[in-house]
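Asker: Encoded as structure tokens, here's the structure I'll be asking about.
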């Protein structure tokens, strides 16, 4: 009997181990309902905030244009009013950011990435009003900025706000709701739910903790924010470019060349953004008055351009359908591209509350259209359509700059409803991303976050030195 005991205990121990393993697997798959419910709340609030922000920007732009109509008979007065209206709105946005919440300046996406890494604080009680109303000022003034930056940062901060209000505990809940809000913000900004999900998974892949809980929460938040957007807006593509023709297989090599062009330009564009940040910082030197006046001058310039050359100002959504339809000459496309590169650098690098997604989409469209027009002339036997290159190029600069090709491809497809162009878009985006990686340089948001963290560390070191010096005295 004694010799049989070990043989009987071994199967029992094995069964216990199997039961324990199965129990662990089942428990790991149990998603706390509280987090999923909070994700739905976050998505709903983010969607409503994004709709309010979008409507507010549109209202301000209409009011600004209405003021110009009353001075149409007096050209010098018209230019003066165009400059002053945009300058005042821009200065309002710069003032709010500099005075009350410096972390609300710029895109805001690097701030969310830093918060997901526990390296940046989330002060939602001050960021939410400053980013919302400051963004209304800068975007309503016609500056070359996108609304996705504000909605992503607003979304992330709403996620943290809900966490604090309902007093949810745990690092996983904090991280999940922060990511959910950011994804919901991008989805609501562009009416692109799948792009919002991919944005978190791809662009924020170093920071996003991919778990069953987090991905379910992100899905729920994105669904709710998109529903809120579509309740108040039409359920159609955000940018109406019509149905374009497909790209024949024997023309796909042209899209690879287009991707190579963007792969060269993307890292250069990133260096220009960072260089312009340094230049403008030397101009204002951290002085709040100089910074606000500089912002007013940039905003006023965009206001003038909005009247003289409308295609060179604003986020660029109105420009994209016109360029895709081939309504610009080659010379005009070159002028628009150069002008918008300059205005994008000035507006975004100055620290104005606003994103860079939309301006980069517009730049990619213009450059893609120009390339398409050249290809049409050089290869008439292919019966090409320049608009297909415009759509392919639309997300290519985004892919080369922030190194998120999937997000760029899906975002453009959802915004334009031209899914038949997915293959040329993949080729263009992949070519742009690979070459951008080979040429070196960090993705834009990563580079901006690294600068922010370096500045934060320097400020903390300076405060500690000052504190130690005061103790010694």
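The count begins at 1 with the first shown residue.
In case you wondered, yes, glycine gets a Cβ from its N, Cα and C as well.
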Asker: Checking Swiss-Prot: are residue 213 and residue 383 on the same side of the membrane?
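Answerer: Result: no, residue 213 and residue 383 do not share a side in Swiss-Prot.
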Asker: Just to be sure I read the record right: 107, 356, 357 are listed as binding chloride in Swiss-Prot. Which of 210, 229, 255, 445 is listed for the same site?
Answerer: 445
Asker: So which range, 422-438, 456-472, gets flagged transmembrane segment in Swiss-Prot?
Answerer: 422-438
Asker: Looking at the ranges 3-24, 355-376, which is given as transmembrane segment in Swiss-Prot?
Answerer: 355-376
Asker: Compute the average pLDDT of the predicted model within the topological domain 'Periplasmic' (310-329).
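Answerer: So the average pLDDT across the topological domain 'Periplasmic' (310-329) works out to 92.
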Asker: Among the recorded stretches 77-100, 148-166, 215-232, 355-376, 422-438, which has the greatest number of Cβ pairs closer than 8 Å to the transmembrane segment (124-141)?
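Answerer: Stretch with maximum Cβ contacts: 77-100.
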Asker: Can you give me the same-chain residues 6 or more apart in sequence from residue 107 (chloride binding site) with a CB-CB distance under 8 Å?
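Answerer: Counting only residues 6 or more apart in sequence, the Cβ neighbours of residue 107 (chloride binding site) under 8 Å are 149, 152, 153, 348, 354, 355, 356, 445, 448.
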Asker: Need a quick answer: max count of Cβ pairs under 8 Å to the intramembrane segment (193-201), which of 109-116, 387-401, 405-416 is it?
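Answerer: If we count Cβ pairs closer than 8 Å to the intramembrane segment (193-201), 405-416 scores highest.
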Asker: Counting Cβ pairs under 8 Å that sit 6 or more residues apart, are there three or more between the transmembrane segment (33-69) and the transmembrane segment (422-438)?
Answerer: no
Asker: In the structure shown, which of the binding-site residues 357, 445 has the fewest other Cβ atoms within 10 Å?
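Answerer: Candidates: the binding-site residues 357, 445. Fewest Cβ atoms within 10 Å: 445.
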